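For reference, the structure discussed in these notes is given below.
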Amino acid sequence: MQPVGFSRRQLAFGLAATVILAPRGKVRAEEVSEPDWEVLPHEGRPASAPPPAIAPATGPGALAAAPGTLRLKPPPAPETEVWCYGGAVPGPTLRAKQGGSLRLAFANKLAQPTTLHWHGVHLPNAMDGVGGLTQTAVAPGAVFDIAFPTPDAGTFWYRPLVPALAAEQTERGLYGLFIVDEATPPPFDHDVGLVLDDWALDPADQVRTSFGDAAEVGLGGRLGNWLTVNSKEPPQRLEVAPGARLRLRALNAANARPLTLRFEDLRVHVIAVDGRPSEVFQPARGAISLMPGTRLDLAVEAPGEPGRSGAVLVALGPGVPALVLTTTGAPSPLAGAPLSPLPRSRLPEAIALQAAARAELIIEGGLDPAALQSGAGPSLPDAARAWTVNKVAWPDAPKKPVLSVKAGRPVALALVNRTPFVQAMHVHGHHVRLLHNFDDGWEPYWLDTIPIPPRATARIAFVAETPGHWMIGSTILERLSGGLACWFEVT
C-alpha cells in the first residue's frame, strides 16, 4: 500500500501546528518570558554518541528509581544531580512482545513516594500507576511488583504519577521508553529512540528548584533552557547505508514545552501516533509537533547516495539539530522499497456515537493574565487547586467520577477549554478518536494525549474498555500538580 496524504486541516490540530503555552494577554515579562536557550557551537567538537539501537525484548527484571548524576553539558560544566531509573536518563528501554507480558519489581530509592505510570498502555487498572487513585504510592524503601499482559504493539513510555509530585520527579529525569514489538516486526535497517527534553537549569547547571512556583503552576508550565536528545547534548550522529530506512520513535518528555520537528534532506512518513498505527502520511510542510507526552513513530529514509547527510531538527531558535544521518557504504536492501502501514491495532473500526454515554469536561483556572498587568507578582492562594475540571481540582476529584459507564459502551466527551492557554489532556487506559465538529467523522489516527487550543473545545470518542478508575489528566505537569485532572469509571 502506498502512503496516503493528509490535508492541512487533518494535521493542524496538535500534530503539525506550532502551539504556545503563554497566555494571549500581556503579563509581566519576568514571570513568563521564554528562557534563554544555550546553544553551544558544535564545529570542531567531538560528535555526540550515536543514539543507542533499541535492545531486544526484555524478560522479568527489576527497576529502581534513585538519585544519580548525569553529564548534561560538556566540561568544564559540572555533572547535574538527577533522579533516574536503572541508573540512567532516560531509563532503560523496556521491551515486550505483542501477546506477551511485562513483569517488573519496582524499587523506590527516593526520599519521596512515587509510582510507575505506563503512558498509553492498555492494561489492568491496578497497574496504571496513579498514586491515590489506582494504587497507594510506593513509599521510600518499598518495592512494588508490576505485571501486565501486552496485547498491543506500540511505542509507549513510563514515568512517575503521584499527581502532586509528578512535575518534580519527571523534571529530575524519571522517564523511559516502553516498546511492545509487533508479532512480526516490519522491516527497518535501524530502530532508534529519540527522547527529547528541555531541562530547566540554574547558573550552576543544576535542576532549578522552583517547583510549585506560582508562574509555573498557573501559567505556561516549566519551560527549560537546555535541550537534550536521549539526555545528551545534540546532535546525535549515526552512519547508515544509502537509502537506509529507520524507525524513529520520538517522545516529547518535556514537562510543558511542545516541540516541533523539522526534516532536512530526509524522506519522512508518520506511521503511528501515540503508539497506535495510523494511515501513512508525510508531515505537512516538512514539520510536525509533539505535545508533552506525545509519541510519533516515523519511517525515515536516508539520502540514496553515499557521503550525503540529512537531519532531524527541533524548531527552537534557528533550529537545533537533534539527529544527523550520514550515508556510507553500499545501498540498503530497503532503499526505494514501498512503505506499508503497520499492522492494524485491535481498536474498533467504528464507534456507535448514537449509543454513546456523553459528558462535558470544562477546564478552568490558572492565573489571570489581565490581573498581572497591574504589576503585582503572580500569586496562588492554593497551588494544588489552581486548575479545575467541572469546578473540581484533583485533590478533591477522587471522591467522584465525572462519568460512570459499562465496559463496551461508546463514550463521547467534550473537552471544553475556557482558559487562554493551550491544554494537553491524557486519557488513561484508552485511545480516542478526535471528532469533527458535528460528529460527522474523525481524524484517521488514534490519540491518548489530546491538544485543546485556547478557548476551544475538543470532542473525542472511544469505547470503554477495561473496568477501573481511569484518570484524564494534564500532561503539562505543573498544571497536573495544580489540580488539572479528573477520572471516569468503567464497570
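Placement of Cβ uses the backbone N, Cα and C atoms for every residue, glycine included.
Pulled from TrEMBL, these are the features on record:
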- 75-182: domain 'Plastocyanin-like' (DOMAIN)
- 229-306: domain 'Plastocyanin-like' (DOMAIN)
- 385-490: domain 'Plastocyanin-like' (DOMAIN)
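Per DSSP, the domain 'Plastocyanin-like' (385-490) is made up of 12 helix, 54 strand, 40 coil. Break the domain 'Plastocyanin-like' (229-306) down by DSSP state and the numbers are 3 helix, 45 strand, 30 coil. Per-residue confidence over the domain 'Plastocyanin-like' (385-490) averages 96 (mean pLDDT, predicted model). Applying DSSP to the domain 'Plastocyanin-like' (75-182) sorts its residues as follows: 9 helix, 47 strand, 52 coil.
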